[in-house]
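A.B. asks: Per TrEMBL, compositional bias 'Low complexity' is recorded for 291-310. Look at TrEMBL and you will find 289-310 tagged as region 'Disordered'. Here TrEMBL flags 17-58, 64-98, 130-173 as repeat 'WD'.
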Amino acid sequence: VQFSSAQDTQLQPLGSLSGHGPKVTTCSISSDGRWLASGGHDRKILIWSIPERALKYTIDAASSEGHSGLITSVRFTADDRLILGTASYDTTVRIWDLTLLTGSITSAGETESEKTVMIAPGSLKPLQILKGHSAAVKAVDFCAGAGNNHCVSFDAEGELRVWDFISGQCERSFRITTKQMYSSSSMRCHPQNPSFVVVSVGTTLYTVQINDLQSQPRAIHTTHSKNIVALDWAPQGQFLVCVWDTTQQGTPTSGTTGSTTAMATTWRVFASQQTQRVSSCAFVKSIPGNSTSTSTSTTSTSTSSSSSSSAMTATGVVYGEYEKISVWNLKTARGYMGGRGPIAELQAHPGGAVSALACSPSVVDGEHVLVLASASSYRDGVLKLWKISG
């Protein structure tokens, strides 16, 4: 498997998004590249328009039956439904249908612009409130497949729950670990196989076949020496990137991709990169044939959601550290440009760690671009949008 060609990759700022209180912990981009959701310690979920680079709606406990605890995870479905899942320290998962925010698309010559509808505070209510966890919910994600009505959640006591998010019923649960978890953990559903889930607990990855009631979680012991704090799948599911919170001198890996065959029956380290401290990661995802990262105006206002799930490919990895973001083109196992290391955007978030990253093709100012959203653990609560070029 070969990633993008070895050429300079740069992050160009598209805008800063202010609206959160201190410490944004999570963010996610919708499948069409139009919407960004974010959450953090202020217990609010903010919905942003990426083309407009503007806040469109605030979900909070007072007006929208939002969470009463800090937000740990936000995730959009991968299909064309604008459905968002959110998880919180309040032990619940909430499902939101955001289609009220969708506006009209109007043409202006060869360039089209998207307009969104401003709706009154309190107009959005949860589609479902999923209750049953007895501890803080660490992560939520949706099972693959167009129209699939199942999501998965994972809590601080090691319980993994599988839900029908339309009926609100928990259909099955798995005990991943019996130890109370005080450190960060992550959980992601496979992007192609709706029954395959991977969870991180400490330095160990666990894989679960959630549709097999006789299946037991399988432990994969990694070479990480500190807790794994973030995971992301390549769009086709053949690679998994995971990062851990601290590296020591001489330690072989800080971001590791595991190559999977037959739904992770075989795992091996494909490539690694050593840094000082890593807090977030995401695959750089693009659609072959789209003129992303160019200055050519286009006539399409959004990435097709049907193609985004099936035709999207990984062209590299981005990871966040203290204050900076690095873009890593995995041309060879040695890393970027024969081992020179990733291109870093220094001072991306001054004063704080880059706590979350999300990447998607989008259209901004009539241009197909690869958009990266980054969140900061600093007290200013700012998110930033970047164009990945090169």
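Just so it is clear, glycine is given a Cβ too, placed from its N, Cα and C backbone atoms.
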A.B. asks: Would you report the average pLDDT that the model assigns to the repeat 'WD' (130-173)?
C.D. replies: 96
A.B. asks: Which sequence-distant residues neighbour the repeat 'WD' (64-98)? Criterion: at least 6 residues beyond either end, Cβ under 8 Å.
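C.D. replies: Apart from its flanks, the repeat 'WD' (64-98) reaches 25-32, 35, 37-45, 47, 57-58, 121-131, 133-142, 144-148, 151, 153, 155, 163, 165, 191, 305-306, 308-309.
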A.B. asks: Cβ under 8 Å, sequence separation of at least 6 from the ends of the repeat 'WD' (130-173): give me the contacting residues as numbers and ranges.
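C.D. replies: Answer is 69, 72-81, 83, 85-95, 179-182, 184-195, 197, 199, 201, 208, 210, 213, 217, 306, 309.
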